[in-house]
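Accompanying notes for the structure given below.
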Amino acid sequence: MSHLPISPAAPATSPAATDASGGASRATWGSRLGFVLAAAGSAVGLGAVWKFPYVVGQHGGGAFLAVYLGCVLTLGVALLLAEMTVGRLTGQSITTALHTLGGRAWAWVGRIATFNAFAILSFYVVVGGWTVTYLMRAFTGSVLANDTQRLVTEFSAFTANPVASLASMGVFLGLTALIVAAGVQKGIERAGKWLMPALFLLMLLVIARALTLPGAMAGVAWFLTPDFSMISGDTLLEALGLAFFSLSLGAGMIVVYGSYLPRDARLAGSAVWVATLATLACCLAGLMILPAVFAFGVPPDAGPGLTFITMPAIFAQMPFGHAIAIAFFLLLLFAALTSAVSLFEPVAAFLIDEYQWQRGPAVLAVFVATFLFGAPAALSFGVWSDVRLFDRTIFDLMDYVTVNLLMPAGGLCIAIFVGAFIWPKARTVLDGSRAQWFVPVWRVLLLVLTPIAIFGVWYQTF
Ligand code: PHE
């Protein structure tokens, strides 16, 4: 297994953590908190603050929220636990773990999941780049503007400018690569202990302002009152995909974290914690953006720019808005980086494990490949906006295929693998847990609800 360590908090050795390929052992997390923080660091990111509000905006508010929460609470928690279990039982990352437990054929699920992580990273860095640019603009103060029309124009001009968008994407990707190359994920995740709560608190502060804007309550009502007539197959698919995306599920991320868990850690509780933090981040972001969207008269279905158009207008209406804007974009950048690192790392680890690459060249190769793969996505907001496949821009298509199709497909394979193929072993991870009632429930969620939900939603859509 690779040595791109995901930060064991205190290096103790677990007997389960013996590495199949190299024989070296993985250190385990010193505490459950360390694990929850690292997994939540992967989960909480642009998915909550950037993607969630605009997707809710496009899909009719409260009803979408209800479906999303339903997905998280059922298959989300079950799959978090399933991925942790695979990591916990093997001490390995997804491809080697599936190989060890299930043989050669299952390793392909791991390879596809790793490719998916790479593809997600390629469009994630585009939005990461927007965060970098908005942080710069927050420093200069140029981001603060009351006039949402001006903010829309500025956002479009920036994302349409090939040099600016590729450069900011490059900076974000470069920061991610540097963190992985330097192996400082551990420090970064520890910092999450302070920075994640700080982001949550700041969001609460912004919510307080957003809710007192004239007209904001219409947005709150729209966000929280389900109108189930708004639900179509497409809405269900987006909610399902978003549940996977916001929990970092279906691409093998959580397997890696699970591999560092100490023997006595309570897995089910950890899964619930990660799900809660990720969902909380989404709901806070929704409460921050959507009321403001209504108050400022921005169309809720404005698309991927929604957060970047709305936030500056709220800051402009806040006392100390300039400082708050800087703090917000800094914390958002941090959250985005911890997620990007969790996507980058398994891809580099794959080259190291499967092809025995050195770490430096592996990181460089992933950097270059991600840049090349991500560039068309970045350009699809400008010079290549006319390039459309299946009626979508390149960015939208990458997002759609990876998040709505490949992530659920990965999750489905893992659910069946854990619930059927390795069940006798898998269930032992809950031995000694107080939540014994959850053992059969978990299996039903994995083998019945997850396949029905995923196939059902795909069937509705296609
Ligand atoms: N969950 C992350 C976010 O919301 C994105 C992500 C998806 C990270 C999949 C890792 C794996 O920003």
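Every residue, even glycine, has its Cβ placed from backbone N, Cα and C.
Taken verbatim from TrEMBL:
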- 1-23: region 'Disordered' (REGION)
- 33-50: transmembrane segment (TRANSMEM)
- 62-84: transmembrane segment (TRANSMEM)
- 105-127: transmembrane segment (TRANSMEM)
- 163-184: transmembrane segment (TRANSMEM)
- 196-224: transmembrane segment (TRANSMEM)
- 236-260: transmembrane segment (TRANSMEM)
- 272-298: transmembrane segment (TRANSMEM)
- 318-351: transmembrane segment (TRANSMEM)
- 363-385: transmembrane segment (TRANSMEM)
- 405-423: transmembrane segment (TRANSMEM)
- 435-459: transmembrane segment (TRANSMEM)
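Using a cut-off of 8 Å between Cβ atoms, the transmembrane segment (33-50) and the transmembrane segment (405-423) share fewer than three residue pairs, counting only pairs 6 or more apart in sequence. Against the transmembrane segment (62-84), stretch 435-459 shows more Cβ pairs under 8 Å than any other of 163-184, 318-351, 363-385, 435-459. Counting Cβ pairs closer than 8 Å and at least 6 residues apart in sequence, the transmembrane segment (272-298) and the transmembrane segment (318-351) reach fewer than three and form no contact.
Counting residues 6+ beyond its ends, the transmembrane segment (196-224) has Cβ neighbours under 8 Å at 37, 40-41, 44, 56, 61-62, 65, 277, 280-281, 284-297, 300, 311, 314-315, 317-318, 324, 327-328, 331-332, 334-335 in the same chain. By the Cβ criterion (under 8 Å, sequence separation of 6 or more), the transmembrane segment (318-351) is not in contact with the transmembrane segment (405-423), since fewer than 3 such pairs are found.
Contact between the transmembrane segment (435-459) and the transmembrane segment (163-184) is not supported: fewer than 3 Cβ pairs lie under 8 Å, counting only residues 6 or more apart in sequence. Comparing 105-127, 363-385, 405-423 for CB pairs under 8 angstroms to the transmembrane segment (163-184), the maximum falls on 363-385. Taking Cβ pairs closer than 8 Å, the transmembrane segment (105-127) reaches residues 46, 50, 93-99, 165, 169, 172-173, 176, 245, 250-253, 304, 336, 339-340, 343-344, 346-347, 350, 366, 369-371, 373-374, 377-378, 381, 395, 398-399, 401-403, 406-407, 409-410, 413-414, 417, 421 in its own chain, all 6 or more past its ends. Here the transmembrane segment (405-423) has Cβ contacts under 8 Å with residues 75, 78-79, 82-83, 85-86, 89, 98, 101-102, 106, 109, 112-113, 116, 119-120, 240-241, 244-245, 249-252, 442-443, 445-447, 450-451, 454, 457-458 of the same chain, all six or more residues outside its ends.
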